[in-house]
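Reviewing the structure listed below.
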């Protein structure tokens, strides 16, 4: 029994760390598009002005027209005046596919082995992420190609969240889910930070590698998932040792004498177990108390979080006139705040036993903070840095809590009478509804960013 206990703890640690790394790679592969946007369409007007000043200072007439500069400094087809709509179209493609696919993913995930389902999703996501980067390598300028890649990637990325939450929910009870999942859910912010740093490293020299490298990373993690992921808690000594062959080959020898021993055979009574619980239907999951309410709550929390995810680097580039790499590095502060906020939300909800109250208070505080961000950011880089940290904590705190601990609680609700086959579907419904919000809201920010090109809004950060 002691051997099983030891291997059980090791299996818990392995599952926690592995699922953390797996979903980190998912977010790592989503982040490059926000970093590369400012490279797909550079501030060509500034380039033209610098060229004019340089030529004028030499006593020569400027020979480079703005149109010529515009064509040279951006990546077709994002070099036109409607670039915001085209960049937004890529976001819509990914987010719409992700929102629709998430509802289907939970239902499919309940009926397939998590390890295989997650592995296939990660390998295909790596493929489509690399394909986007190959557009640079092979000089592809077709909007349809990039939209197709985003749609396909959005669909396969939906395999990640329901799978990892279901896996973690199988291992941990409700008692400390808030703290454990608050720590564990920092993988979203860690992935965003790593994705920003990796994409930013190559964005100015070869933005294709900003996608290819994260694509290779998530594909490699898919292989690791296939080899090492343990889907659920071990229930017997044999099952425990199956995952730890070193323990099996060494420790079991200590339990048995080296001489042959005759063991009397005892009659065994075999009791036929009841039929296995069936996967819950979509409508059945909606009837679980709290699913609809928390889904709507996440809709508003996630739309703010993903607006920052997809547009913050471009906002900083246009407002502060920083290059793509520096803007990407600065945008990671929002995710750093999100890590702290997620942990605090988990700890507070565990101690109070009130997850809904914790989410409500943090979201109420986030509303005036986000409004203050637009005003305080005009005071300089220091206040902007502080506000990004605070906004990240208050927005991503409830976002983290709802998508992890709350989803796991609802997926194992007492109304299910012990049927654990609802966790993936419930998680998918909640996260899918949140994705609907992020899809609609990200459409509006591109128009707001346009005003940053006006002279009165320049140099405000």
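From the backbone N, Cα and C atoms, a Cβ is placed for every residue, glycine too.
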Given ranges 269-290, 291-312, the stretch to which TrEMBL attaches the annotation transmembrane segment: 291-312
Matching range for TrEMBL feature annotation, transmembrane segment, among 63-85, 86-108, 155-177: 86-108
387-408, 409-430, 431-452 - the one TrEMBL records as transmembrane segment: 387-408
Matching range for TrEMBL feature annotation, transmembrane segment, among 209-230, 231-252: 209-230
Among 6-26, 114-138, 209-230, 332-349, 387-408, stretch most in contact with the transmembrane segment (183-203) (C-beta, under 8 angstroms): 332-349
Contact between the transmembrane segment (6-26) and the transmembrane segment (387-408) (3 or more Cβ pairs under 8 Å, separation 6+): no
